[in-house]
Amino acid sequence: MLCCYSCSTKFQLKARTMQRLEGLKAESPQFTLAGEPFRILGGSVHYFRVPRPYWRDRLLKMKACGLNTLTTYVPWNLHEPERGTFNFQDQLDLKAFISLAAEMGLWVILRPGPYICAEWDLGGLPSWLLQDKDMQLRTTYPGYVDAVNLYFDKLITVVKPLMFAEGGPIIAVQVENEYGSYAKDDKYMPFIKNCLQSRGVSELLLTSDNWEGLKYEGMDGVLKTINLQRLSFGAIQHLADRQPDKPLMVMEYWCGWFDVWGENHHVFHAEDMLAVVSEILERGVSINLYMFHGGTSFGFMNGALDFGTYKPQVTSYDYDAPLSEAGDCTAKYQLLRNLFSHYHSEPLPEVPTPQERRAYGPVFVQQHLCLWDSLNFAVKPYRSERPVNMENLPVNNNNGQSYGYTLYETTIRSGGVLNSRNNIRDRALVFVDRQSVGCLDYKTHEVVLPDVKGERTLSLLVENSGRVNYGKALNEQRKGIVGDIELNHTPLRGFIIFCLDLKPSFLKRLACSGQWKTDRKSLSVPAFVQARLCVDGPPRDTFIRLPGWGKGVVFVNGQNLGRYWFIGPQDFLYLPGPWLRSGENQIIVFEEQRLDGKIEFVENPDHGKTIDVYKLPFCTLL
């Protein structure tokens, strides 16, 4: 059979000794690598969603499952958080991740974007692009082109030594991502192609689209691939008809699906998945499992959907993948391993031992600091006559605020009807003299304010719940208050605006302050609360649960684990063992609405009510 694992290793050794004269080719119905027939058996793992100490474990499990190729996206917004400031270190050490794949005998398909979708905030595009009010993302708009060129200047210098032609494991590079479903500028994809080739990328170039996106005209020398979950409507034949006499590849075989807040957890039953994968392989088609291991959208990095209704995604990116969020080998993994073993001439490597987990005893809130007192440790507030969206605030070296919360305060002299005019992005808690009076969001545009005498302070704590990552609405993803809000039909003016992006520097100032209180009677929300977890022996993975709490964010030893929300479906947060230490560990929770005094730890997550994605209408998965 094609593409045995031992052949993959042989190809690497042979290619190194022949100076990599011939890489991955798509010049006939069968891929060739180093001049030999080759089938891609791939899986997606995102290094930015997996704690670095676990990269090796996840890739060893990929190898043991019988896959021969790793695919990964590259998130621009993490690697260039401020314009011209790049980060390819530590958790974002892309070179180390790809080199580790090579060490394990895995080839690599790189998906560098600049747009990646990935259920990631703004599809991986940095929010500072939106400071330009005329910005047209994913087009040849000059401001976007200039930013992409500067980013690719840096990115390609990092990955070029890892290309096949240079002796590295990268055998193919994807040009942008699913552009056929966006298709706003015919000149854009040729521009991205040139961005790669003009900087010395000579490996096979690919595009990746769903059924709808395949309608978009292709580019010479760039192979089309398809993304799908089921084989309805002749999807594979549709790809073959669009591209005769070329290798067929499912670049994203969706072996699960992601979740949004307020809906059920998506599952794709292992037997249903296996039937489709088996048929794909029987047809001689190459495949990439998306996701092989989903991991976690730590921090504020989750994306959102908006096809008429805004739906932010949850923190967990478990995806019902073959490897769970915590790296467990699921029933899907075992079935796939058995299937892929038939495509190898030698036994597969042993599966690594599972990571140990531990249900630590519950801990209790010891100290608290209300939101209003925490403002003393925020950056200097900005005064503006009109509301300013978070991306255009003069913070972070004038790159604006990307994530978290923004507090807007102004003076009012009467009660009445506060109308957001649908200018809240995405959710605002409303206070008068620091007393809660309601909430504004996409569904609720009005709050009645109590009658007041004299001057009162109106406060709106606005949360960026995640920028849309897919669809036509990318250019409209500015957050905070994005236009006028009115009290009794009169626009409010004279704002003081606080940036509360909850970065490590802010948390450090907060933790070291002497203003924390211990009296539970004085505890009021929104608030930061502290607890201590004592770990005996080596730290182990665990899951945090917050029953009785409302909505907020959890930080452990300064690491942002992500958001929780009582509406579910997710009612846990994954806490990797490497982020704990033996002895005392600091837990800080920012709670918006209500809190219980207890934080629990469990060994296994409960995903709540489920829904089978295979029974959903086909259009809902596009």
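Glycine is no exception: its Cβ is also placed from the backbone N, Cα and C atoms.
Please treat TrEMBL annotations as automatic predictions, because they have not gone through curation.
The structure displayed is predicted, hence computed values, not measured ones.
According to TrEMBL, the protein carries these features:
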ACT_SITE  Glu178  active site, proton donor
ACT_SITE  Glu252  active site, nucleophile
DOMAIN    30-342  domain 'Glycoside hydrolase 35 catalytic'
DOMAIN    400-500  domain 'Beta-galactosidase 1-like first all-beta'
DOMAIN    526-585  domain 'Beta-galactosidase galactose-binding'
Quiz item: Tally of helix, strand and coil residues over the domain 'Beta-galactosidase 1-like first all-beta' (400-500) according to DSSP?
Solution: 3 helix, 51 strand, 47 coil
Quiz item: How many whole Å apart are the CA atoms of the residue listed as 'active site, nucleophile' and the residue listed as 'active site, proton donor'?
Solution: 11
Quiz item: Which whole number is the mean pLDDT over the domain 'Glycoside hydrolase 35 catalytic' (30-342)?
Solution: 97
Quiz item: What is the number of residues in the domain 'Beta-galactosidase galactose-binding' (526-585) that are helix, strand and coil, as DSSP sees it?
Solution: 3 helix, 33 strand, 24 coil
Exercise. Can you check which residues sit near the residue listed as 'active site, proton donor', meaning Cβ under 8 Å from its Cβ, same chain, 6 or more apart in sequence, and list them in order?
Key: Cys117, Ser208, Asp209, Asn210, Gly213, Asn227, Tyr470
Practice problem: Enter the number of other CB atoms within 10 angstroms of the CB of the residue listed as 'active site, nucleophile'. | Solution: 26
